[in-house]
Amino acid sequence: MTSTRGEAAGIPSVSLNDGHSIPVLGLGVGELSESEAERSVAAALEAGYRLIDTAAVYGNEAAVGRAVNASGIPREEIYVTTKLAVADQGFGTSQDAARASLERLGLDYVDLYLIHWPAGDHGKYIDSWGGLMKAKQDGVARSIGVCNFNAEHLSNIIDLSFFTPAINQIELHPLLNQAELREVNAGYGIVTEAYGPLGVGRLLDHAAVTGVAQAHDKTPAQVLLRWSIQLGNVVIARSANPDRITSNLEVFDFELTDDEMATLNGLDEGTRFRPDPETYTGP
């Protein structure tokens with residue numbers, strides 16, 4: 001399925017298992033204040049982004065919605081993602097939370113609604129998945145998926161619901177390339193979406209990354225984004241800097257060689273910079 005989203009900036013889209021599609025590169029607004037988020041989303045949409053990723057726990061859904069609604073871009077051309085907080089997990093509460101997110105965003109629907117964390121000790125992510133299925137059925141969300149789910153979490157919800165997430169958004173960068181989980185996702189027909197693609201900035205001065213960047217006359221950030229896109233991921237890059245937001249788009253005019261991909265793949269050491277989904281329980 002093709003999409004006009006992102007075409008102005010040359011951002012391709014990938015098809016999801018439910019017939020919808022999503023741009024392969026988007027802006028994330030985690031840890032940004034409301035004012036920062038509103039400015040960043042406005043700058044991103046002006047630059048050509050069409051995928052915006054927020055969450056209830058970020059506290060900036062209203063700001064994202066203001067920027068989206070003020071952009072003058074037709075709603076159907078913008079792909080908006082938000083996420084269910086751990087505190088709102090449950091069959092009924094997840095549906096209420098989805099509608100509350102819509103109200104804060106000032107939108108009639110979201111393109112993608114995700115369970116933010118499995119929070120396994122709470123025992124509610126399976127019930128929450130049922131709630132998301134109902135939210136999709138009711139038109140609150142066009143696609144539904146998960147974040148930070150491992151293979152066991154995925155099999156639990158799929159085996160019990162007979163409904164497969166469209167996306168699994170996970171921390172993913174060369175120090176944590178998630179090869180096994182990407183393979184699991186692909187086996188289910190789930191698109192892998194990468195967050196933290198720059199390794200919270202720790203990879204920007206890594207010799208392997210800077211070497212590849214110099215070879216292509218690109219920035220380290222552009223190389224890291226390109227690496228993840230070439231793996232077949234959708235990538236969410238967070239920034240509050242308009243220049244970096246624009247620069248991050250300049251990843252579709254070059255390709256990494258097989259050797260360069262292998263070099264970056266070889267950096268994997270299982271290093272996480274974000275919480276471990278096996279143990280994290282909130283918020």
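Each Cβ is built from the backbone N, Cα and C atoms, and glycine gets one as well.
These features come from Swiss-Prot:
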type	residues	note
ACT_SITE	Tyr58	active site, proton donor
BINDING	Gly196, Leu198, Val200, Ile236, Arg238, Ser239, Ala240, Arg244, Ser247, Asn248, Arg274	NADPH binding site
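Distribution of Swiss-Prot features across the structure.
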{"residue": "Tyr58", "record": "active site, proton donor", "Cβ within 10 Å": "22"}
{"residue": "Gly196", "record": "NADPH binding site", "Cβ within 10 Å": "24"}
{"residue": "Val200", "record": "NADPH binding site", "Cβ within 10 Å": "13"}
{"residue": "Arg238", "record": "NADPH binding site", "Cβ within 10 Å": "21"}
{"residue": "Ala240", "record": "NADPH binding site", "Cβ within 10 Å": "17"}
{"residue": "Ser247", "record": "NADPH binding site", "Cβ within 10 Å": "18"}
{"residue": "Arg274", "record": "NADPH binding site", "Cβ within 10 Å": "14"}
Taking the residues Gly196, Leu198, Val200, Ile236, Arg238, Ser239, Ala240, Arg244, Ser247, Asn248, Arg274, which the record names as binding NADPH, find the longest CA to CA distance and state it in Å to the nearest whole number.
24
Secondary structure at Arg238 (NADPH binding site), reduced by DSSP to three states:
strand
Sorry to bug you, but what's the C-alpha spacing from Tyr58 (active site, proton donor) to Arg238 (NADPH binding site), rounded to the closest Å?
12
In angstrom units, rounded to an integer, how far apart are the Cα atoms of the residue listed as 'active site, proton donor' and Val200 (NADPH binding site)?
17
